[in-house]
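Data block below; observations after.
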Protein chains: 2
Amino acid sequence: MSDVRQVPLATPTDGGTWRSPADRPLRLDSGAVLAPLEMAYRTYGTLNADKSNAVLICHALTGDQYVASTHPVTGKPGWWTTVVGAGLPLDPERYFIICPNVIGGCMGSTGPASPDPTTGKPYGLAFPMITIADMVRAQAMLVASFGIETLFSVVGTSMGGMQVLQWAADYPERLFSAIVVAAAARHSAQNIAFHEVGRQAIMADPDWRGGAYELEGVRPEKGLAVARMAAHITYLSETALQRKFGRELQRDGLSWGFDADFQVESYLRHQGASFVDRFDANSYLYITRALDYFDLAASHGGVLANAFLRARNVRFCVLSFSSDWLYATAESRDIVRALNAAGCRASFAEITTDKGHDAIFLEEPNLDSALRGFLASAAEKRGLA
Amino acid sequence: MSDVRQVPLATPTDGGTWRSPADRPLRLDSGAVLAPLEMAYRTYGTLNADKSNAVLICHALTGDQYVASTHPVTGKPGWWTTVVGAGLPLDPERYFIICPNVIGGCMGSTGPASPDPTTGKPYGLAFPMITIADMVRAQAMLVASFGIETLFSVVGTSMGGMQVLQWAADYPERLFSAIVVAAAARHSAQNIAFHEVGRQAIMADPDWRGGAYELEGVRPEKGLAVARMAAHITYLSETALQRKFGRELQRDGLSWGFDADFQVESYLRHQGASFVDRFDANSYLYITRALDYFDLAASHGGVLANAFLRARNVRFCVLSFSSDWLYATAESRDIVRALNAAGCRASFAEITTDKGHDAIFLEEPNLDSALRGFLASAAEKRGLA
């Protein structure tokens with residue numbers, strides 16, 4: 001809570017970049033110190049007088065602060081315009097919504113492409129390794145900069161959901177409620193395996209240059225595209241891929257060559273090619289590593305419930321998608337079991353959909369109603385109704 | 001059957017390379033012609049007097065003819081020594097077993113590394129695109145070269161199982177029985193997607209040189225290793241990966257870097273690195289493409305059962321593994337349904353195991369007993385008992 005009084009207050013605008021004071025660096029789990037620290041963020045809505053209506057949204061691996069704003073690079077709508085907006089579960093008319101870019105990211109928060117103060121050049125691999133807890137520690141500083149003592153809610157999807165769990169473990173007194181969508185309390189062997197494939201694809205690209213590509217005016221675009229393609233398979237269910245593409249061809253007949261014959265090939269190639277326009281390869285390495293290192297039980301004596309012992313006053317909502325095989329429902333059930341064991345209030349729903357992990361971003365009426373129901377009840381308890 | 005009389009007879013030794021006569025090239029589905037055609041193979045056991053005890057084994061994507069012999073490159077035992085050998089279901093004391101390397105492969109059969117007769121240099125991408133049916137057509141020529149009119153059985157795992165299905169569609173009169181293990185009658189969108197990731201990883205490697213790497217004395221080792229790593233994830237079940245590796249570390253504590261911290265990373269890196277010692281990148285491209293093109297129903301008017309209408313005298317055994325997500329049990333059930341619809345005799349078993357697709361190569365008592373039971377019954381019917 002002390003942060004609230006020690007950091008300079010930001011002006012709630014619709015976004016910007018917050019800089020930590022020189023005497024308030026970010027101490028990382030690795031032992032390293034990150035200074036200066038910059039946090040790029042967007043806000044939506046207005047903070048009410050008693051600062052009780054603030055919602056923090058935590059983004060996924062390749063997400064960013066543009067949760068409900070046009071993306072400045074792609075020109076596409078924000079990544080969660082199905083949930084954040086007028087008349088939607090997270091309505092800026094009602095809530096003051098903050099969405100920061102994670103540290104290690106590439107959309108304005110301090111990351112491997114930021115200048116290393118010791119050299120003035122991009123960090124590259126000199127950037128310190130970061131963890132989910134480090135991301136959350138930086139977010140806590142940003143939230144404090146608004147003078148907000150308690151968030152009405154912290155909401156996260158996928159990696160963002162892991163940040164929510166970390167918030168509950170590290171700053172439970174600053175949370176009124178917490179919403180975890182399609183996440184897990186630790187990265188599984190298969191999760192790590194897919195990330196390792198992606199990292200090896202990036203590091204195998206000679207244009208990666210040992211991470212120093214920015215200095216040399218090149219980018220490991222091919223490697224990053226392959227990494228994205230591999231990851232993208234895990235975001236869709238087998239059923240969704242089959243329904244969406246099946247064995248449909250790009251044109252009449254086979255090419256009898258290595259062009260994209262099948263629509264699913266063309267789709268994946270497009271996913272890879274468009275990703276490199278908006279994402280930084282080193283950020284991909286650092287953030288996937290942070291995910292792989294995530295194991296909330298391990299940092300609490302091997303017992304996940306221990307992470308939540310101080311969070312008994314927090315209202316939790318845990319949601320999973322039935323066809324998500326990246327962070328399957330079983331992972332969410334483990335979280336709920338631990339919350340219950342710790343004596344926390346937790347509501348849980350498995351949303352039936354065949355769209356896989358990507359259901360996060362799609363029109364899912366049951367996701368909408370689950371979020372509305374939980375938020376309405378919490379808002380009433382918080383006196384926001 | 002005409003092949004039997006037109007091709008020169010090979011001498012049944014324990015292996016070698018069969019060459020098609022100049023006037024008997026291999027006509028490919030693409031319309032191209034492959035000549036000369038060489039088929040590298042191994043044999044085990046002795047062909048009996050009436051040539052009724054021959055078994056053809058068809059290998060998987062990265063398999064080869066060394067089914068029960070020490071691999072000449074790796075020095076490791078054959079890939080199916082749990083099934084082929086003295087006292088095992090496929091016992092050379094009883095059967096004459098032939099295992100050829102597929103065309104397109106890199107262990108001696110004609111493939112993209114073979115000399116292109118028009119240039120005298122390795123084909124590279126001038127090698128014609130091949131299909132599963134082309135592989136089988138070449139095998140049929142090889143089998144005929146032994147003077148074998150009817151195979152007692154054709155047995156295949158994974159891609160080998162697809163070859164078995166293709167045998168049943170194209171040469172049913174040459175089969176007494178057929179065994180399909182962990183296969184599918186067509187490649188799904190997800191199957192194609194994983195292969196496309198692998199191909200893009202290879203083709204992104206600058207040492208691939210547009211497929212002409214052999215001429216330039218380099219090899220796209222990094223790209224091929226990434227392709228293998230991505231594919232390898234699909235060979236193991238999530239449960240098997242978790243049990244085998246979980247989040248176990250390579251050494252005490254995290255490296256806080258991009259070294260292999262987790263055992264699963266080290267394992268995958270090893271899989272990638274060792275694969276490039278024994279496999280050719282262009283072969284990987286061509287064979288994955290053949291798999292993606294495979295859709296037995298599509299080549300039979302869209303109705304899978306039509307593929308088996310002439311195979312009513314063939315005894316089929318279809319086996320799947322419960323935790324296989326590469327070619328799931330549902331795919332095997334589709335095959336069995338089509339066989340039944342076509343009026344074929346088919347026995348089916350789903351073998352309960354949590355080891356995924358890789359269960360093919362592991363000690364699986366239920367696989368052993370399923371194969372023994374089916375083969376014993378078929379052998380009795382064939383008068384081999």
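Every residue gets a Cβ built from N, Cα and C, even glycine.
The annotation region 'Disordered' is assigned in TrEMBL to B:1-23.
Here TrEMBL flags B:53-288 as domain 'AB hydrolase-1'.
Per TrEMBL, the feature active site, nucleophile maps to B:Ser158. For B:Ser158 (active site, nucleophile), the Cβ neighbour count at a 10 Å cut-off comes to 27, with all displayed protein chains included.
B:Asp358 (substrate binding site) falls within a helical segment according to DSSP. Among the features that TrEMBL reports, substrate binding site is placed at B:Arg228, B:Asp358.
The number of other Cβ atoms within 10 Å of the Cβ belonging to B:Asp324 (active site), over all protein chains shown, comes to 29. Secondary structure from DSSP puts B:Asp324 (active site) in coil. What TrEMBL lists as active site is B:Asp324 (among others).
The active site annotation in TrEMBL covers B:His357 (among others). Long-range neighbours of B:His357 (active site) (same chain, six or more residues apart, CB within less than 8 Å of its CB): B:Ser158, B:Ala182, B:Thr234, B:Tyr235, B:Leu236, B:Phe321, B:Asp324, B:Trp325, B:Leu326, B:Tyr327.
The DSSP secondary structure for B:Ser158 (active site, nucleophile) is coil. This prediction places the mean pLDDT of the domain 'AB hydrolase-1' (B:53-288) at 97. Of all the binding-site residues listed here (B:Arg228, B:Asp358), the one with the fewest other CB atoms within 10 A of its own CB is B:Asp358.
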